[in-house]
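> Input: one structure, supplied below.
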Amino acid sequence: MGLLIGLVRHGKTDWNAKGIIQGQTDIPLNEEGIAQAQALASRLSNEERIWDAVISSDLQRARRTAAIIAERLGIPVLEPDIRLRERYFGEIEGTTEQERLERWGADWREQSVGMESDAEVRARGTEAITDLMKREEARNILVVSHGSFIAQMLKELCADLEDSRLGNLSYSILERQGDAWQPLLHNCTRHLDEIKV
């Protein structure tokens, strides 16, 4: 088996529950998000151990998710990396879909609202992952980050991967094979089936 990287979206927040775009606004996990992180940690603790360490963005929802997983698995938490942050959504951070429609109209996605581009997200993400893999060499690392960021990284690293919306606490695994990354698991949330909040 080649080098592995795991990509985990953080647990649910109150803004997720209300359909509010968070972007780089630092919103904490809610009770359901904590339970989600505990569910994935439990799943991973019952599977063959493959993760050597966990890293996250510096935003508290990702950091808390990473800490819950690391504690259960007994693995170290690496220094958070700001480059693993969610996309900066500019003026639309803190708004619901209805508020965006009212303020900018149906074509709000095409307007200049100060949002970080796909190319910008992919460039900083690729740099962060490349640096992480060089620094950690032969260690398998679990990366806890954010939905739009992970979606862009999956598109960048696995061009043929089907595009899909990533749920909170989704879990994907990529394996390094030569110069390419191959998906072994994509957007899996089966560990959330047992949660009752």
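The backbone N, Cα and C atoms fix where each Cβ goes, and this holds for glycine too.
Just so you know, TrEMBL annotations are computer predictions that nobody has curated.
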> R9, H10, G11, K12, T13, D14, W15, N16 bind substrate according to TrEMBL; which of R43, R49, R61 goes with them?
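Site partner of R9, H10, G11, K12, T13, D14, W15, N16 for substrate, according to TrEMBL: R61.
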> Tell me, how many other CB atoms lie within 10 A of the CB of E86 (active site, proton donor/acceptor), whichever protein chain they belong to?
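Around the Cβ of E86 (active site, proton donor/acceptor), 25 other Cβ atoms lie within 10 Å.
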> What is the separation, in Å, between the Cα atoms of G11 (substrate binding site) and E86 (active site, proton donor/acceptor)?
13
> CB neighbours of G11 (substrate binding site) within 10 A?
28
> Per DSSP, W15 (substrate binding site) is which: helix, strand or coil?
helix
